[in-house]
């Protein structure tokens, strides 16, 4: 219920099943528990009867003391419950098994033999009629075509006469000349005029704005770093381009922000335009303002359905997965049904407020991941803190791994990056470049001669689980604080690659498994997370398989206010969004602000 999954009125945990019913008027929850293996047909009747009996018996006390006042006091309902349970059990036993109908009771017995006999003459007659109609149409078209032929008949003899005068070879030659003439004209039109200045022959190397013109730095042919964990050569570059914001506080992870000034301006405009209408309309304007208000009335499903339908469409338009939007609206309806409204409250505002509260609750899951605290705890035990990144292709795993490395280095922790993407071409070189950049921003001289970030790589085509194990062992021996394991991107339907990922996680037992997903996806977010978790559970040898612990939401700067992927991902996994990627520089990393995301989601 706190996770806003009230749309389903049952919950299964191991061998037990719970069914529940909400009473929103008195804020009560009625729950019945039973063994999952039992097929009890009377459970729904029992919970309805208990709900009705309990309300009727203690209605006055609820109104005087409230629900908590009654439940904290003394009340005797045991005898009533046992009576209702006996009645429900007997009603299920009394119900006789369904008896098969006799032939006389069936619909087939009411049909006569005559109506079941098919007369073969009917269908051919219809076909004949259709054929006649088609024939008449053909006759009409032939008649219409006849005058055209008559009119064109004068020209045909002359053309035939010309062809008779020419031989076959001459006719073929003439046709070829016409064909080539047409194509030459078309080619001349499509060709653009040649430029006066001719291009210089030979290729010139392209010079990139942020690149290094030194050819020796770009030459990796004799590099000694491949297959070892030695520090990469330091590259000179502009640090302002890599850092972005100069006024930031080093090491701080800022909250995600959302500017709601547009909403305030819209509200002012609405207020200004509504004032003249009250003066002009007089009493009519006053009644118009009061239209739609509910006074001391309990909400029904019929009242909420139109509003919920609009809310559902709004959520889907904001990129929330369709399935999740339906479940959310169902949960809000269950929570509000039967609840007594205030005097000056509209149904729309009440439903919107309940939905906002539900969305904030979803984005604040039960377990909060505090990476810095966990790293310090691992330091006390003299072992590295291991984080594994997984996700589908092209979502930004390596880029955001580099951002998280930069954030950890600014907080004083040394990082070892394990290049376990041994499949994608250029994956190791990408991490090598990030390592050089990070070492240039935080050179060993600034940290007492200590190298803050290193790359551990063994090239391509190797076993990723083995490389991760060697990297963790190397980090333990060299005294690194954090190991960040980069894995290859894989689609959730690729069984061999999902098995390899499950093996890597099962063998190395990382402290944190982060799923990297992009904010651009809609329904696909649900499919990815469900199948990743399922694959990790299915392919793990452990009795309690290791699943995804948290989410890194990338490309958040590309979606404006369509932030629905955040809701879809947290709802389906009940796991927190640990980091949010908001740009291309190392500083573009944020922590999730639930209220800011909900404000963007509810914006019209």
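Using N, Cα and C of the backbone, Cβ positions are placed for all residues, glycine too.
What TrEMBL says about a protein is an automatic prediction, not a curated fact.
As annotated by TrEMBL, compositional bias 'Basic and acidic residues' applies to 117-127 (among others).
Taken from TrEMBL, the feature region 'Disordered' applies to 117-169 (among others).
For 183-200 (among others), the entry in TrEMBL reads compositional bias 'Basic and acidic residues'.
TrEMBL lists 183-250 (among others) with the feature region 'Disordered'.
What TrEMBL records for 211-228 is compositional bias 'Polar residues'.
Helix, strand and coil counts from DSSP across the domain 'SRP54-type proteins GTP-binding' (576-589) read 0 helix, 6 strand, 8 coil. Positions annotated as domain 'SRP54-type proteins GTP-binding' by TrEMBL: 576-589.
Nonlocal intrachain contacts for the domain 'SRP54-type proteins GTP-binding' (576-589), taken as residues 6+ away from its ends with a CB within less than 8 angstroms of a stretch CB, comprise 241-245, 248, 253, 256, 363-365, 367-369, 371, 396, 399-400, 402-404, 406-407, 437-438, 441, 514, 550-557, 566, 569-570.
In the predicted model, the domain 'SRP54-type proteins GTP-binding' (576-589) shows an average pLDDT of 90.
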